[in-house]
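Student: Marked as transmembrane segment by TrEMBL: A:29-50, A:62-79, A:85-105, A:112-129, A:171-190, A:217-237, A:257-283, A:295-314.
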Amino acid sequence: MKSALASFITVVALGIVLMFALPHTTDMFGLMQMTVFVVMAIFALSQGFIWGYGGIMSFGQAAFFGLGGYTYAVAAINFGDSTGAVALAIIVPGLFAALLGYFMFYGRISDAYIGVITLTVTVILFNLINATSGDWYTIGNAPLGGFNGMPSVPTLNMPGDPSTILDPEQLWYVTIATLILVYVLLRGILASRLGRVIVAIRENETRATLIGYDPRLYKLITFIIGAMIAGIGGCLYTNWGAFISPTVFALAMSAQVIIYVLVGGLGTLLGPILGAVLIQWLISFAGSQSAVDSNLVLGVVLVAFVLLVPQGLVPVVRDTITGFWQRRAGTGSEEQKQTTRGAEVRS
Amino acid sequence: MSTSSVPLLEAKGLTMRFGGVTANEDVNFLLREVELRCLIGPNGAGKSTFFKMLTGQLTPSEGKVFFRGQDITGAKSHEIARHGIGIKTQIPNVFNGLSVHENIFVAAARNKSMQQTKRIASATLERLGLTGIAHRIVGQLAHGQRQWVEIGTVLAQEPELILLDEPAAGMTHEEIVRTAELIREINKTQAIIVVEHDMQFIRMIAKTVTVFNQGRILIEDDVDVVLADQRVRDVYLGKQAA
């Protein structure tokens, strides 16, 4: 319990240090690149939460990311103020997940088909938004633009003050603060009764049912929380480029986020964050070298991890560190070892 | 007890068919408040199917189940659990990836404040002698210990009726003796139905025994009468009941 609290405080502290240190140590290009990496980390957290803790295998988390992005774009253009648009970018994916999740979980759809359905929904949304070119497809003042997407989306302004637009450095602060906030929120949920029941259902749905919990409800709640987080990610993604296009719904987006989680470590929160940043950095590095195709890099990374480090980075590093300390202490009894392994499952 | 006229549990004409196979046929069963009942019978006699119908894991083809006079036939498992029926299943259903403490904690937490939950969890751990291994991961424990963890999750939800499907399976003799003691102690406040094959164990705890054979109730009487019955002996030796 104590070590879990210590690691939580360390992660938050490191996040805050990075938040304030980065603008002083890198140029504007580097800062903007890190901003989009952090956006992807938020997206990765949504997948890591529902999959790693809720045991829900969604192949279509991009649907909620894209919905968040498009909702923000449409709302911001219509309102001329980002405050309400941000709220909508969280609410709309949440409602969509509530509807979709209700049919999936209360319809007793099996795990494999949940993967198929979420995947299909993403493909449908991709084709739907792709087909919205022309003046006819306009929501209020906002043309959806079909395959070309929506350019010049008004970016974040000070809450309630549309005349003060945030500059890229301020957007960095907002983005990474959001990531830290989402992390803290998820840690809080996992420590609460709700989180413990969510994990218990992942461990054994039958037992959870027999002690009086309705797994359908808890899975639905998990799914909605995940969708809302993905929505925030999508909203910040639109803000990063002042632009959004149907590629956010592309299969590559859903696949990428799964790879972030696998590489970083399933069943952890830090893992998806590090996985996202690391892989995004690797892809952009490979892209700038233009020697190898970035998709090839992604593929090689995935294959290497599945074969060599199937549990992901964070669990491996954590085991190595605790093993090192136990050897140094020399007195690491079996009891203590079991305790740290317990903490690992929880973190 | 004010509800003494109404039985705690009543099954009327309970029948379960899987296609052409009849697992239970016309089972009529009555259990009083705070009663201890043992169910015995050869493999495939329909004991576990009967338990599954009581806990909502299966919906009976025919017949009704009443809990304190309330019809719970076909209710969802979690709803039945909330009425106050807890079950330890034949194949242990525990949260393998979680610690012993967390298993008990989650079971105790439903509809209770954090303080109450913590109190119940630590009392349950103490009662089962699991306090020393509270932080071990359940998946790494020995079979007998995992059985106790599961019994712990059942107790922690504080049910009125506890169903135990082969609680002594895979236990050493000492563990069996302890389990028998535990069952007698639980029975001071809660009703229990135990399914078991181990006759020694049955003799340790039983008052009234119900014998299942081929999906039906063969005989229901005092333990000594039942175990002396020729038909029961025949059933266990694999002969057809006369």
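Backbone N, Cα and C define each Cβ position, glycine as well.
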Student: Considering only the recorded stretches A:29-50, A:85-105, A:171-190, A:217-237, A:295-314, state which has the highest number of Cβ pairs under 8 Å to the transmembrane segment (A:62-79).
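Tutor: Top-ranked stretch among A:29-50, A:85-105, A:171-190, A:217-237, A:295-314: A:217-237.
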Student: Counting only residues 6 or more past its boundaries, what in the same chain has a CB within less than 8 Å of a CB in the transmembrane segment (A:217-237)?
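Tutor: Sequence-distant neighbours of the transmembrane segment (A:217-237): 36, 39-40, 42-43, 45-47, 49-50, 53-54, 56, 58, 61-62, 64-72, 85-86, 89-94, 96-98, 100-102, 104-106, 174-175, 178, 182, 186, 189, 194, 197-198, 201, 208, 244, 248.
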Student: Taking 3+ C-beta pairs under 8 angstroms (sequence gap of 6 or more) as contact, is the transmembrane segment (A:29-50) in contact with the transmembrane segment (A:112-129)?
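Tutor: Counting Cβ pairs under 8 Å (6 or more apart in sequence), the transmembrane segment (A:29-50) does not reach the transmembrane segment (A:112-129), since there are fewer than 3.
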Student: Short question: most Cβ pairs under 8 Å with the transmembrane segment (A:257-283), which of A:85-105, A:112-129, A:171-190?
Tutor: A:171-190
Student: For the transmembrane segment (A:112-129), could you work out the same-chain residues 6 or more beyond its ends whose Cβ comes under 8 Å from its Cβ atoms?
Tutor: 56-63, 66-67, 70, 100, 104, 144, 146, 246, 249-251, 254
